[in-house]
């Protein structure tokens, strides 16, 4: 109602420039009652919808679905960079397309902010990938990094978390493109190796700092204020309660991604009871969550294994598996051809890492990138830097779900590779297919809850009966 029906910024008689001075709900950003949600591009898209079809919801829903389809296509295209041309890329794309957690963002019209932010998030990331592949060999490479910065700005103007793509781009450059380990970063900087890498990272940092500075200035240098019902933990007088609850909520969000059985459009008030004591059994979920993330990050950053997974086959030192079968991907074959064709020209300026850039990243590289995609875009919703106006919001998981889908895909691929028997391989593959089917069925069922207001509120009774 506030974003569209009563939002004066959508009316043709209101100057369209007002969109850039008001928040998502049409309130002046500097007003004391503003939620400081600055999403002018999303509001502008609502205004275009309003000018074409008025208050008929059909057009609004159509735009959301088209945006989700575009995001799914871009995500699948990005997955191809990580998994190559094969069924692993298809699995990642299908997981994202069918995941039930996206229902609120796509079926709920105001969720367009998350979809639009994700669209430009991926466009920015793809521009930076292109910058990495052309760096040092083409003058257009700096045009690509400029495009990455502009798309990151556009993503932030759809929704605030879009600016985190700059951090993801840096992770891609360091750990995927250059395949550096944590212990190699400081020595490389000290020895002045890969200076173009650190120059690119410096540009990303500067651009991100500038965007955040302008954003903070534009909202009046004041954080938003929320009621107790929006975020009860933030209003608690107990430091222990706030700490335990805020540390638990990310674990709860991950469970919604992993097992989206109970979904709700409203998790405010006491839908998630506060954790007031260390003896609360839910703290075990918190410990398991952070322990799992730390273990994944540790083993991925360490990366001591000589084995790599390549499109469902084990690669020993980049050559062949235990059965003697070659398992280079098509892209790796192209790399080998380039190496053989230009071996004599290496002294003329063709560097080894430039000839290796077509190789698919290792499992450890993909896990690092997946964890970054899962965690970094979610950080603004964690209450670590500022309080937010919700306990849990499923639409906020739209961007982080990309990291989750990549993580599941690379995990399934690792299981498939490690399995020795054909029966076990088929079981892993069929289980993944079943997961996609069940996710799709749950999405269909969940869409039924968004048919009308009565059905939506009925669906939320189980989670939030008090409201």
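Counting starts with 1 at the first residue shown.
Each residue, glycine too, has its Cβ placed from N, Cα and C.
Unlike curated entries, TrEMBL annotations are predicted automatically.
Long-range neighbours of the transmembrane segment (58-75) within the same chain, counting only residues 6 or more positions beyond its ends whose Cβ lies under 8 Å from a Cβ of the stretch, are 4, 45-46, 49, 52, 92-93, 96-97, 102, 105-107, 109, 111-112, 115-116, 118-119, 122-123, 126, 402, 405. Annotation comment: TrEMBL describes 58-75 (among others) as transmembrane segment.
If you look up TrEMBL, you'll see 109-129 (among others) marked as transmembrane segment.
Away from its own ends, the transmembrane segment (195-218) comes close to residues 29, 38, 128, 131-132, 135-136, 145, 148-149, 152-153, 156, 160, 163, 166-167, 169-170, 173-174, 178, 188-189 of its chain (Cβ-Cβ under 8 Å, at least six residues beyond either end). The transmembrane segment annotation in TrEMBL covers 195-218 (among others).
Averaged over the domain 'DUF1736' (221-293), the predicted model has a pLDDT of 87. Sequence annotations record features per position, and here TrEMBL assigns domain 'DUF1736' to 221-293.
According to TrEMBL, the transmembrane segment annotation covers 284-301 (among others). Cβ atoms under 8 Å from those of the transmembrane segment (284-301) belong to residues 181-182, 244, 247-248, 250-252, 254-255, 364-365, 367-368, 371, 375 of the same chain, restricted to positions at least 6 beyond its ends.
Taken from TrEMBL, the feature transmembrane segment covers 366-390 (among others).
Under the heading transmembrane segment, TrEMBL lists 396-416 (among others).
Tertiary neighbourhood of the transmembrane segment (423-441): same-chain residues 91, 94-95, 98-100, 260, 408, 412, 415-416, selected by CB-CB distance under 8 Å and a gap of 6+ residues from either end. Annotation source TrEMBL lists transmembrane segment at 423-441 (among others).
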Secondary structure content, the domain 'DUF1736' (221-293) (per DSSP, counts of residues): 35 helix, 0 strand, 38 coil
Intrachain residues whose Cβ lies under 8 Å of the transmembrane segment (366-390), provided they are six or more past its termini: 35, 82-83, 121, 160-161, 164-165, 167-168, 171-172, 175-176, 223-224, 226, 230-231, 233-234, 246, 249-250, 253, 267-268, 293, 296-297, 300-301, 396-397, 399-400, 402-404, 406-407, 410
